Amino acid sequence: MASFLSRLPQGKVVAALIVLLLVVDQVIKIWVKTTMVLGQSHVVAPWFQIHFVENPGMAFGIELGSKLFLSLFRIVAMGFCIYLLAKLVRKREHTLAFLSCLSLIIAGGIGNIIDSIFYGVIFSGSHGQIAQLFPSGGGYETWFHGRVVDMFYFPLIEGVFPSWLPFWGGEEFVFFHPVFNFADSCISIGLILLLVCYPRTVSLLLDGKKTLPEGTTEDSEPTKRE
């Protein structure tokens, strides 16, 4: 498979990857919206639930500023990322694996942007009822004010803080508490892989350098020239 992909144009591979991830993300979200009531849970395992929540903020439910500002910020950020990816693909100086990491981040960002822009218009509300797709009475919000659909919940560790602990003593805690979606996973995995596997390449790009130093490969020591 790796050798087959290496023979394909990088642009087509990363474009196909982004489209595939977007389809998976939206299929999951639409399934949740059209089969579950807000707050409903399906217990898959003691440590994993499909728990339907919506958030107006960023990844993992983080909120920052107004909804319209967040939507516009996402669009600008993803526009820059797409421009950067297209530029790197044209230069043909980076591996497909590196470009795929960027594609994960872009696909995740676009997936949540779709929720923010369209979901408020194409879905009815999910409070106390299953949402309808393209309701006759209109959606639950206006353009750019849709809420992001989250569903993956991993309560891996549950317990109670020791009573002697300041501030939180005696309170219950859950790890991992945030509820997230497939798009959030793509963003997180892409970022982690970039930072762990390609720190030098990322550093050079952030410094505005277009290429790696001569005699080096991505995140390798300089190669000895015979």
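Keep in mind that glycine also has a Cβ here, set from the backbone N, Cα and C atoms.
Swiss-Prot annotations:
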ACT_SITE  D150  active site
ACT_SITE  D184  active site
TRANSMEM  12-32  transmembrane segment
TRANSMEM  69-89  transmembrane segment
TRANSMEM  103-123  transmembrane segment
TRANSMEM  173-193  transmembrane segment
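Looking at 12-32, 69-89, 103-123, the range that has the most CB pairs within less than 8 A of the transmembrane segment (173-193) turns out to be 103-123. Across the fold, the C-alpha of D150 (active site) and the C-alpha of D184 (active site) stand 9 Å from each other.
Proximity of distant same-chain residues to the transmembrane segment (103-123), defined by a Cβ-Cβ separation under 8 Å and at least 6 residues beyond the stretch ends, is recorded for 14, 17-18, 21-22, 25-26, 29, 33, 59, 67, 70-71, 74-75, 77-78, 81-82, 85, 131-135, 138-149, 181-191, 193-194. In the three-state DSSP scheme, D184 (active site) falls into the helix class.
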